[in-house]
Amino acid sequence: MPATESAEDDNFPWAEQLPLTEGRRSVNRTSLRKLHLSRAKLKASSRASALLSGFAMMAMIELTIENDEDNRVPEALLVVFTAFASLLVVVHITALMISTCILPQLECYISMCENSDGGVDSPYEKVRGYIEMAWIFSTALGMLLFLVVVVLACWVKFWNISKWSAGVCFLIVGPVVLVFVLFAIFFYRTLISFKYQHASKMAEFFDFVVIGGGIAGVVCTQTLCELIAPSPYNLPVANHPPGGASPQLRVCFISTTPTLKTAVNVRHVTRMLESFDVVEKPCEDWSRAWSNILTVIIDKVDRVNSEDRLVYLLHRKDRPVKYGRICIATGGLPRAICPEHPLVLTLRDTESIVQFRSRLSDARRVVLVGNGGIATEVAYEIEGCQVIWVVKHENISVPFLDAAASQFLLRSRSEKSKAALGSGGDRNAKTAPLIQTLRYTLADRNSESQNYRLVSLKGEDGEKLIGSALGPDWTQGLRFTGIIEEGSLTRQLKVVYQCQVDRILSPSEFADSGETSVEADEEGPLLPSFAPSNWPLYVRLTNGECYGADFIISATGVDANLTSTSCTPLIEADQDIKTASASEGGGLVVNALMQCSVPEVYAAGDCAYAGWHPKSPHWFQMRLWSQARQTAFQAAKSMFYHTMGEEVPLDFSFEIFAHMTHFFGFKVVLLGAFNGQGLDLTSPDVTVLLRITPGQEYVKCIMLNGRMQGALLIGETDLEETFENVILNQLDLSSFGEHLLDPNIDISDYFD
């Protein structure tokens, strides 16, 4: 840990500028100010009431009345005087009683709020009406009654002596009463008007603000709410804070849409590996469990002023949101090919999937551009329509798979197509697994690009193996079917390697260019003879080939979304905001606590770039749904415990990269440095254990000096838990050799 802290300080010089707590932000400052105001009102009320009620009592007891039989004081005057004097006493005694009962408790509570490390529940919102009543009784009503009693006392006292004296008292005090009434009306009217105007313009304060309606934003908000006030769902958010819930803390969740993405059916496959589904839920249904602390705002963020800690919204610019700490979880923006072209569809969200299915129903051929997870799933899921898959690498799904794994999936796809057409033989035939120990070498030592190939340590002849966000299961329950009838399409998928889209041509531009479109290759025709060959667009590739298609599917990845509605930087700050370069995908550079270079600003998900060093040798960043949950969970814990004045360690899940998905109908598990990330692959100490059972499973283990550094598992191997523990514990497996992958040996028994 000391080495990690030292490295973090070197890489993040702003760490000293990020105080764990500033004053006491666990108690809402606005609420504390209101409590101080209530205390001041009660003190003034108690003093005024004690004085004026005492005067009224003395006036009734000590007042002497001259008994003149010829000029008696009218009984009605005495009744009125006694009634008003009694009412004065009752009003002030009531105000004094309220002040005496509430003020000591309020003094104690304010002291606890200012000195306590945790939030304390406040009952004073429920008695605020009594405090206001005491204030009005002792000021407006009580003082008005006092002036009336003064006039009546003069009339009673001087009725038999000098009516002129009583009249002078009335002439003097009467206008004062009128002025007092007018002043009271003016004061309270002005106060109410000011409060209304100030409330409409004043920024509402929240201890935590989370921006973003994706998985990262939802998980961060949900974790914060669970830490503050655990819900009946009992979500796993580590240890709850000591002392129970802290209802004084408030959370604001800002989303551009009323529906948000949440993770459901979360299943722990291993200690680190999770499987879950992503579904859309209405905000009000999701937030109901924390209605007392969570406020949901449906609006677009115009900008974030980090200096004043204000979030300005598009549709309520005069009512910004003030925050104590904020998490930016705005996700990523898809890299689109010709985004304005009507026949180019970028896959990113649910709406684009609905549009995709609608267009696909009348399509004969589509051009798929991209080589990530979404592109890989699309290539497999489309039926009844030919897919021309354009990838810029030497193999498919480069971020996840090496060339051997890619060939395994493509051959499985081909065998499935042949079996569907009745020409693929027995799909259920058992095939013995091939187990080999291999080593990486450079494919072309004269080339500047780092392309590797795998060669057998035994020098055996045979085939050489060439080596190196929609949520998970987004295709589940959906069919993506084109217009061509099932069984008549023999070339379902054609992959065009090492090229990109050069230009998109309309039919007239294609005719004028004199080019010819590719409708057949060395394997034969691409489409059945009955399929028409007139296309609404043509795609020219950088390798010179041109393909006609009904539309283009763009799935080329994402960049961090850090722009506002006016296409300006989302965060305004006096100091430079540290961001990652475009080649790294952009994003706010964060340390191990998910803090960026701007004080009190955190980031999670696709818009965050992991900039801390050193990292675990078996963990690295990829913009995946699983890591969106991981970083959001860490950001929420850091925000909460920093507000409470406590440190929070980096979560153990950052010790190893663990991700599970499905490609071409196979379960795919990625563990640690599954493609040798961060290793010198040409080192003699690095070897690869490989087991392939065609059509069933693919197992690859990256070994360094006999210790496993990563694993790629395709199919139902049941090895993920064992290999995860082996990687974490760094056990020496040299003695096992290739027997480590022997399917006849239950390797898990050795590590129980």
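Any Cβ shown, glycine's included, is placed from N, Cα and C.
A TrEMBL annotation is a machine prediction, not a hand-curated record.
Because the structure is a prediction, the values reported are computed rather than measured.
TrEMBL has this to say about the protein:
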- 206-412: domain 'FAD/NAD(P)-binding' (DOMAIN)
- 539-631: domain 'FAD/NAD(P)-binding' (DOMAIN)
- 48-65: transmembrane segment (TRANSMEM)
- 77-103: transmembrane segment (TRANSMEM)
- 134-158: transmembrane segment (TRANSMEM)
- 164-188: transmembrane segment (TRANSMEM)
- 208-229: transmembrane segment (TRANSMEM)
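Same-chain residues lying 6+ beyond the ends of the transmembrane segment (134-158) with a Cβ under 8 Å from its Cβ atoms: 41-42, 44-46, 48-49, 52, 55-56, 59, 63-65, 73, 77-78, 80-81, 84-85, 87-88, 91-92, 94-96, 98-99, 102, 165-166, 169-170, 173-174, 176-177, 180-181, 184, 188. Remote same-chain partners of the transmembrane segment (208-229), defined as residues 6 or more beyond its termini with a Cβ less than 8 Å from a stretch Cβ, comprise 235, 237, 240-241, 245-247, 249-257, 259-263, 278, 283, 286, 289-290, 292-294, 301, 304, 311, 321, 323-331, 471, 604-607, 625, 628-629, 631-633, 635-637, 639-640, 643. Sorting the domain 'FAD/NAD(P)-binding' (539-631) by DSSP state (H, G, I as helix; E, B as strand; all else coil) yields 13 helix, 29 strand, 51 coil. Summed and averaged per residue, pLDDT over the domain 'FAD/NAD(P)-binding' (206-412) gives 83.
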